[in-house]
Amino acid sequence: MSKRGRGGSSGAKFRISLGLPVGAVINCADNTGAKNLYIISVKGIKGQLNRLPAAGVGDMVMATVKKGKPELRKKVHPAVVIRQRKSYRRKDGVFLYFEDNAGVIVNNKGEMKGSAITGPVAKECADLWPRIASNAGSIA
């Protein structure tokens with residue numbers, strides 16, 4: 001992804017275990033009025049025959065709102081995954097996982113639609129998306 005695509009972020013995205021395939025329903029952790037997000041595609045995945053595209057922490061996905069405000073439902077929104085239940089390994093060797101899968105709705109530039117995030121945000125996501133990091137309550 002280009003620097004502009006991640007909201008002007010710098011630095012490489014390290015490989016992490018992908019725990020959220022297309023079709024997964026994740027919690028919406030911002031104050032936009034959406035309760036959950038249904039992943040319909042993952043940005044930047046080219047694909048392989050019969051393999052479901054999957055997302056991990058820090059990935060931008062295209063999602064629809066299944067529960068929430070009526071004005072958000074039945075539309076496709078870009079979102080960024082901020083937490084996942086599947087454990088992944090950090091460069092220092094520690095394995096980390098969260099108690100839920102969660103994401104936040106953003107625009108195409110990576111700027112958040114909401115103004116607050118409930119719960120922790122993964123450090124990998126905060127490094128890639130500065131606008132999400134600035135709204136995060138805690139970074140884990």
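Note that Cβ sites are derived from N, Cα and C of the backbone, with glycine treated the same way.
Some features that Swiss-Prot has for this protein:
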MOD_RES   S17  phosphoserine
MOD_RES   Y38  phosphotyrosine
*Cα-to-Cα gap, S17 (phosphoserine) vs Y38 (phosphotyrosine), nearest whole Å*: 19
*Measure from the Cβ of the residue listed as 'phosphoserine' and count the other Cβ atoms within 10 Å, all protein chains considered.*
14
*For the residue listed as 'phosphotyrosine', write down the residues of its own chain that are at least 6 apart in sequence and whose Cβ falls under 8 Å from its Cβ; none is a fine answer.*
G23, A24, V25, A63, T64, V65, K66
